[in-house]
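The active site, proton donor/acceptor feature in TrEMBL is assigned to Glu458. What TrEMBL records for 48-61, 81-99 is compositional bias 'Polar residues'. As annotated by TrEMBL, compositional bias 'Basic and acidic residues' applies to 63-76, 100-120, 178-194, 209-219, 227-242. What TrEMBL records for 282-557 is domain 'MYST-type HAT'. Annotated region 'Disordered' per TrEMBL: 1-123, 178-242, in sequence order.
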Amino acid sequence: SSLGVTSKRGQMAGSGSDVTEDSDDSAEREQTNSSESDGNLRKRQRLTRASTRLSQSSQGWRHTPDLKRSADHDESPPLTPTGNAPSSESELDISSPNASHDESQAKDQANRDLEKDLSHRPKRRRCHETYNFNMKCPTPGCNSLGHLTGKHERHFAVSGCPLYHNLSADECKVKAVSREKQEEEMKAQEENQSRHATRHQTPTSKQSKYKEQVTEMRKGRNSVLQKEQKEKHMEHRQTHSNTREPLLENITSEYDLELFRKAQARASEDLEKLRIQGQITEGSNMIKTILFGRYELDTWYHSPYPEEYARLGRLYVCEFCLKYMKSQTILRRHMAKCVWKHPPGDEVYRKGSISVFEVDGKKNKIYCQNLCLLAKLFLDHKTLYYDVEPFLFYVMTEADNTGCHLVGYFSKEKNSFLNYNVSCILTMPQYMRQGFGKMLIDFSYLLSKVEEKVGSPERPLSDLGLISYRSYWKEVLLRYMYNFQGKEISIKEISQETAVNPVDIVSTLQSLQMLKYWKGKHLVLKRQDLIDEWKAKEIKRGNSNKAIDPTSLKWTPPKGT
């Protein structure tokens, strides 16, 4: 208590030298008693105010903007050197040097009681955990109430807006309840099956029946919209343009539409978790769209472009040299003087309009860095941006009379100790679902064959990358089985002929249920139904240009770095 600051009244009481000792003591006792009573009264008033604020916060008043501002002004003042929060200037005088031992004990007890009360006061939440009521959903006509997941009361982004998805907040809640019930049922079934599961179990009768039901539901949909439905879709698009999601009813089966809705809700929930954790905030520096050639592309993920570009929300990229700019005018001026019409480096493959260029990260550092920054907008797990020198980039393009347009690329380490033939792979969104991703994968394995090595992609793979690779491995194995005429088959021989890693071959055979364990040996089953199904698709596809021709490759493995 001796660390306290002495008030002016205490100084005046001790400064009178012509007053007798008795009168000095009596005046000091009177002043001590009066200050003690005033202090106790203020402490009781302050405890009353603290309990009032506590009751108000428990009733949710702090969620109202105006009351929240008043609560911010009613915060506790700075602490004194003793650690307590004084309520007024007069309480800064904790004790005078002449105060008795009992009085100091009483004041210390009062201070401890006050500290105990303040410790029970609800703590302020972090700023990213509270709703920012100044933020609003960008969808026109939306009041920011409700959430696509049905689990939150408010939203501030299009990803969680029920109105944007042509739903109401109540409909989202109903769908959330039904989804939870379905997930609980599926979880119970999986737990029940896992108890009796064997290593390579065939589909159960329930699974086979469910697969048949899904097939029937997909067959029953109308592939062509009726005239009234078309008019309704066009009217919706003309009315709301890009501010609402297009009407999705009647363009696919109910089963597939429900799967899509579940995926949307799950993605929205993941974004909400990231927002609560503070990893993303409303209005954060994230590029929403890029203008790339004749396409305007919506981005999927954050990319570490410089802040002065990222905060714009829209980026303009030259499709040939990949330089990024801030405005349409700068891009137009750049395109008028840009001499690039294809990627730098050596053209190692050409067939028809498809070409592949080998770009060395050491020789063309700026181009490769820009390519990595562009790819990160569409890849989640990519971590390489600037350290591009140890890598070779194989860029696939499609040529027309204006130049060679970027289709996709994959990168590869110059010296990989684990024999990875792909470090990162991307197909640009405007060229997805057209067979170019499989061409890139096939080209990477063609290079491995020329190097006389067995290759495998570097992990982890993105979701779309994993789907593409599984589809490619399945197609390679079924083609090998179709052409194989012998009686005994070896995984090692398959690996040597296809350049696919044995681990990837085994995992693919297991997923196709073509690998069985019988009498202490692993047997590869030649499932004719899968081979016939693959062959029918090949015939239906015909002679497509979306295939790599090994004779069109003009490449020798690089020596050293």
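Placed from the backbone N, Cα and C atoms, the Cβ positions cover glycine too.
DSSP labels the residues of the compositional bias 'Basic and acidic residues' (209-219) in these numbers: 11 helix, 0 strand, 0 coil. Confidence across the domain 'MYST-type HAT' (282-557), taken as the mean pLDDT and rounded to a whole number, stands at 90. According to DSSP, the compositional bias 'Basic and acidic residues' (227-242) comprises 16 helix, 0 strand, 0 coil. Residues near Glu458 (active site, proton donor/acceptor) in space but far in sequence (CB under 8 A, at least 6 apart, same chain), listed by position: Leu418, Tyr420, Val422, Ser423, Cys424. Taken residue by residue, the compositional bias 'Basic and acidic residues' (178-194) breaks down under DSSP into 17 helix, 0 strand, 0 coil.
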